[in-house]
């Protein structure tokens, strides 16, 4: 039996416009883990069932540390999503990744300090402790669709990259930025973790479209990262992200995901250690 696809889209800075979805219906969802960042907007893109959620709220009022990542992911799961495709603004740590470039990340480094990274925290809904493996960190089949779609529409794309997620809301110091470069990271952002971890725990096929908006602050020449430039670059290039999402969604829906979803479910189930009596 072929699994029906429903795609959750989490929009970051500059990509929270519900107009990309047709036949929109707003859904207020309250989860066991609290209230999501905003209402969820259900509808269709290219005939495919989708749900759009603004990560920071539609008024961009929620700072990265205060996003209820668990509620966001669980709400998408509750509404029947099989996939989550997200956009994220990032700082480039590599000269060859220019502001305005698109990257499809394949790995991450976690430098957050305040965020709950599991649904299995002793609550009455989910028993046990989940030691979810994070290799691969992202759904490679979904990543492949995004990469192939980008090529097909003539959009230049970096086909992999490691993202360092920092706590924020401050930007990195120059010493931190250079340290991340020494670690081999390609990008720095504030939202990918714990989102990517929670999506895997929830058994969802998760992939990200990262846009480089700046060069962070590691370069000796050039302007250091600032909010105005980040927003201006994202606004100038956001159509690249929306075009990629709109064109990729029907390609995702055309594939049979039954085995992929089943394997994800098995990974979650075999990662849970249930309490036992001595």
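Including glycine, each Cβ sits where the backbone N, Cα and C put it.
Look at Swiss-Prot and you will find 13, 55, 56, 88, 89, 191 tagged as phosphate binding site, backed by sequence analysis. The site 'Important for substrate specificity' annotation in Swiss-Prot covers 172, 227. The substrate binding site feature in Swiss-Prot is assigned to 190, 214, 215, 216; the stated evidence is sequence analysis.
Where Swiss-Prot records a feature, it is marked here on the structure.
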residue : record                                     : DSSP (3 states)
55      : phosphate binding site                     : coil
88      : phosphate binding site                     : strand
172     : site 'Important for substrate specificity' : coil
190     : substrate binding site                     : coil
214     : substrate binding site                     : strand
227     : site 'Important for substrate specificity' : helix
Inside 10 Å of the Cβ of residue 216 (substrate binding site), count up the other Cβ atoms and send me the figure.
25
I need the CA-to-CA distance for residue 214 (substrate binding site) versus residue 172 (site 'Important for substrate specificity'), whole Å please.
12
Just to verify a number: CA distance, residue 55 (phosphate binding site) to residue 190 (substrate binding site), in angstrom, no decimals.
12
Out of 89, 190, 227, the listed recorded positions, fewest other Cβ atoms within 10 Å surround the Cβ of 227
Proximal residue to residue 88 (phosphate binding site) among recorded positions 172, 190, 215, 216 (C-alpha distance)
190
Out of 88, 172, 191, the listed recorded positions, fewest other Cβ atoms within 10 Å surround the Cβ of 172
Candidates 172, 215, 216, 227, namely the recorded positions, that fall within 10 Å of residue 89 (phosphate binding site) by Cα distance
none
